[in-house]
Amino acid sequence: MNMKLKNIFIFTFINLAIWCLLSLKYYFTSGFYWDFAGLIFTLTFIPGHLLLFALGLFVILCLASIIGPRFCKNFAIFAGAFFTLFFLTDIIVYSQYRFHISLSMAELFFGPAGREIFVFPIGMYLLMALGVLVVLIVQGIAVAVSCNIKVPNRLVILGFIALVFCFIAFNSLYAWAKFVSVPSITAQISYLPWANPLSVNTRLKKMGLNPSSEPLVAAKGEMLNYPLNPLKCESVNPKLNVLFILVDSLRSDMFTREIMPKTYAKYKNSRNGFHFKNHVSGGNATQAGVFAFFYGLPSTYWNAFSSYNMEPVFMQEMRTRGYEFGIFSSGKLNSPEFHKNIFSGIDNLRIESKGDTKYERDIDMQRDFEAFLDNRDKKRPFFAFMFYDSPHGFEYPPSFKEKFKPAKELNYISLTSSTDPKPYLNKYKNSINFIDGKLGEVFDMLKDRKINAETVVIITGDHGQEINDTGNNFWGHNSNFAKYQTHTPLIMLWPDKRGKDIEYRTTHYDIVPTVMKEILGCVNPPSDYSIGYNLFDDTPRPYSLVISYTKKAVIVDDNVSVIDNYGALENYDDQYRPLKESVDSKAISAALKDLSTFYK
């Protein structure tokens, strides 16, 4: 019997049922959620999302039926096998690395470096061949069943309606859960391949509604294994205060005597000043850069840590040591949603600053920080975080004396690769110079209160900023992985340590291991909670992992291998000029493991 439209639907439905059963393996790997909301979402998410794959198979077979019913019948076996093998392969990849198959992964596997990155024993290849044979047999049976079974038209229609209902239901549930913060729902999105459900947060924000900052339902799944082992931390006396200072869009070559005179003088005139000259952020955008800075992990873990409202281990340890926390940001801490991960354990978190401009909010933030210093419990050490935002918009007060001229406002619409960057670079430098003055005031605050000798100060940027430096019409950040967007200065003032210039490469991932060992006395290896090293450890970093919103880059020396979520695997130098050299297979392999180490 040949395949007709109804037979194609039944065959597709059988495959969908198989895929739903196979997809339970994703949940056995990452954990089920047994609360009512989480369970209802699971029951609708699996068939609702996989319906999209089923529609793809259905359309392909309908096109094949145009050639002829008999051809369609034979073709269905291989088409169904292809989709099923995709799910089986993706399940294996997810179980190992906690991410899903993409075109870039396929390019890696079948490319020149594939045999070095993915190493399988001969027995595994034999098992794969057997698996393909079994899948083909199952598909043959599915074709036979679909062509011979008699199913009332009413059941076919009801089945389709049920699937559409599941699709609408899981998208609606996710949109609601994302807005009111239901971790047992939002955490599941990473389970199934290529899931990108409906979110209405941006639209609701424009309507004046704000997403919830507290989880409505506690997450009970067990996706994360963080830290890998219980922390073993010894008492360190005296307890040092810690001040993290981030300057948005501060790139490495801005740290000069001319542009940042206050900070430069503080570093040069202090016996305990360190300058890490070859420092790389964990991202070329704020979300990834700040996440790497606080966790020592790539921001691919963002959704998982947000779903569980899990703060960094060093902040957990500081809390047990009696540290007082002061968190001050010019920009809102709920966009990106740092209040759901990094600062989820902070009571009465200061979400935003007052002011209509970035520089006004910077001033307000610094004013509140000074009040914190005056009102804190002097018997307790403190951890404080300051996040300046003015350089992100090249801003400074109209009354501020411009040091670099001519300076011009950015007009992104009129910019081209031939546009003279100097006026815009000068505007950027002036904003950095303005913030440097603010940093000088912070140094004076610590000195006036006689706590500078007991306070570790770490200053860096969340990412860099390109102003057409490569000549390819890139203005800003999050657009490529040239050094202008990924390299930031790292300045550190550390009491009781003899300062010096550090030439070897360091990264944002190294901050947490340094704090954990040098301040909190933790004897665990950094690999228990981070992918970084102690900043004072000169062990060569084999690679640096930098994340954007859509890509991942593995930087080895001055070579950049970019894995594009949409399929490309490309190589560049630090000026982002294409290279013909093949990827560093060992670095790629290690980086892939870094993306999954802290999942169960």
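A Cβ is built for glycine as well, from the same backbone N, Cα and C atoms used for every other residue.
Features as listed in TrEMBL:
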- 9-233: domain 'Inner membrane protein YejM N-terminal' (DOMAIN)
- 241-517: domain 'Sulfatase N-terminal' (DOMAIN)
- 7-28: transmembrane segment (TRANSMEM)
- 40-63: transmembrane segment (TRANSMEM)
- 75-97: transmembrane segment (TRANSMEM)
- 117-143: transmembrane segment (TRANSMEM)
- 155-177: transmembrane segment (TRANSMEM)
For the transmembrane segment (7-28), which stretch among 40-63, 75-97, 155-177 has the most Cβ pairs under 8 A? 40-63
The transmembrane segment (75-97): which same-chain residues, six or more beyond its ends, come within Cβ distance under 8 Å? 3, 8, 11, 15, 18-19, 22-23, 25-26, 29, 53, 56-57, 60-61, 64, 105, 131-132, 135-136, 138-140, 142-143, 193, 592-593, 595-596
Long-range neighbours of the transmembrane segment (40-63), counting only residues six or more past its ends (CB under 8 A): 3, 5, 8-9, 11-13, 15-16, 19-20, 23-24, 27, 32-33, 72, 75-76, 79-80, 83, 162-171, 173-174, 177, 184-185, 188, 192, 195, 197
Averaging the pLDDT values of the domain 'Sulfatase N-terminal' (241-517) gives 95
